[in-house]
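A short worksheet on the structure shown next.
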Ligand SMILES: [Zn+2]
């Protein structure tokens, strides 16, 4: 079943000229189709919107060594960073859960927070409905790059 993804066009990064929360959520829903999750069977997709309007998608990528697996959010953000984008407007996250929104794990909250605490996170259900939160709301009283710089003063 996973082989099908090789026959489908990859959701490559591209500029979203007029974005909307619904459109970003839709991209995260589509990104689920590429999830590599033979162990959990729990598909997750993410789509991150950069400050310049580019969208990068990601999916969870599991591994036989379970702890080496990667979440969809970190996949999407890493794709963006590896192409020079480090400022973000929003990220949408979707799974197959129908009755509740998907919530990012603690590791991903910290990963997002590296790039600021005042940007939007759309937590979606499989039907595309969503809950909007900020990184700050998901990870209050966080530790970030500013804290490391504060240490360098002495
Ligand atoms: Zn995560």
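Keep in mind that glycine also has a Cβ here, set from the backbone N, Cα and C atoms.
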>> Just to be sure I read the record right: 105, 108 are listed as binding Zn(2+) in TrEMBL. Which of 65, 71 is listed for the same site?
In response: 71
> Given the Zn(2+) site residues 71, 105, 108, which other residues of that chain have a Cβ within 8 Å of the mean position of their Cβ atoms, reported in sequence order?
Replying inline: 72, 73, 74, 104, 106, 107, 109, 111
>> Taking ligand 1 as the reference and 6 angstroms as the Cβ limit (strictly under), which binding-site residues among 60, 62, 66, 71, 105, 108 are close?
In response: 71, 105, 108
>> Highest Cβ count within 10 Å among the binding-site residues 60, 63: which residue is it?
In response: 60
> Applying the rule Cβ within 8 Å of the centroid of the Cβ atoms of 60, 61, 62, 63, 64, 65, 66, what extra residues of the same chain belong around the substrate site?
Replying inline: 36, 39, 67, 68, 69, 70
